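The structure under discussion appears below in the form of structure tokens.
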Amino acid sequence: MTVAVFFGCAFIAFGPALALFIFTIARDPLRVIILIAGAFFWLLSLLLSSLVWFIAVKASRQEEATAQKGLLIFGVMFSVVLQEVFRFAYYRLLRKANEGLAAISEENLSPISIRQMAYVAGLGFGIMSGAFSMINILSDSLGPGTVGIFGDSQYYFITSAFMTLAMTLLHTFWGVVFFDSCERNRWWAVAVVLSLHLLVSGLVSPSPSHRSRAVRTHNTCADKRP
């Protein structure tokens with residue numbers, strides 16, 4: 001049963017992104033490079049936000065619940081803002097690269113448009129974001145234990161899979177809107193993307209105690225084995 005949960009949740013979370021990659025990106029080496037670079041930029045934002053989070057945790061009073069809650073809110077907001085800053089930096093890099101590709105082309109045309117770059121870069125952000133949010137949950141789904149056997153929700157894993165799927169697709173949509181807004185100097189649309197990213201991240205971010213309780217319930221059967 002645990003293997004079925006693992007593969008089911010994995011296909012729910014990453015199936016659409018995998019299909020988009022196979023049918024729209026895999027055949028074009030330039031798009032693959034842009035996808036990988038986009039994922040790398042998201043990793044850079046994660047590295048920097050993790051460093052700031054580590055420093056903030058060490059500097060805070062870990063025994064105070066109010067301080068920890070405020071620290072969690074700060075961490076989510078800072079991480080989202082940093083992701084959008086790196087998205088803008090990646091847009092500027094791709095813009096320069098696009099101009100260079102057009103300059104060396106015989107027809108003075110780039111082989112890939114900014115909108116196509118936006119889609120591929122957004123998907124790269126989404127895939128890497130989904131991988132980091134789901135990989136530990138998929139590892140827990142392999143067992144031992146059974147979710148919900150002691151009264152907690154039985155839908156923890158499948159709900160997490162759908163949330164990961166939603167965030168992956170949202171990153172793709174946000175990338176397209178963000179790049180197009182930068183191209184047309186519509187900074188209000190960039191602010192809308194940032195606001196929606198903050199809103200969604202705040203809604204789907206579970207408290208640490210909730211996740212630890214779900215994982216603890218999952219592993220209780222194994223702990224009680226003779």
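Cβ atoms are placed via backbone N, Cα and C, with glycine included.
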Under TrEMBL, which of the candidate ranges 98-116, 117-135 is annotated transmembrane segment? 117-135
Considering only Cβ pairs within less than 8 angstroms, which of the stretches 69-90, 117-135, 155-174, 186-204 has the most against the transmembrane segment (29-57)? 117-135
Which stretch from 117-135, 155-174, 186-204 shares the most C-beta pairs under 8 Å with the transmembrane segment (69-90)? 186-204
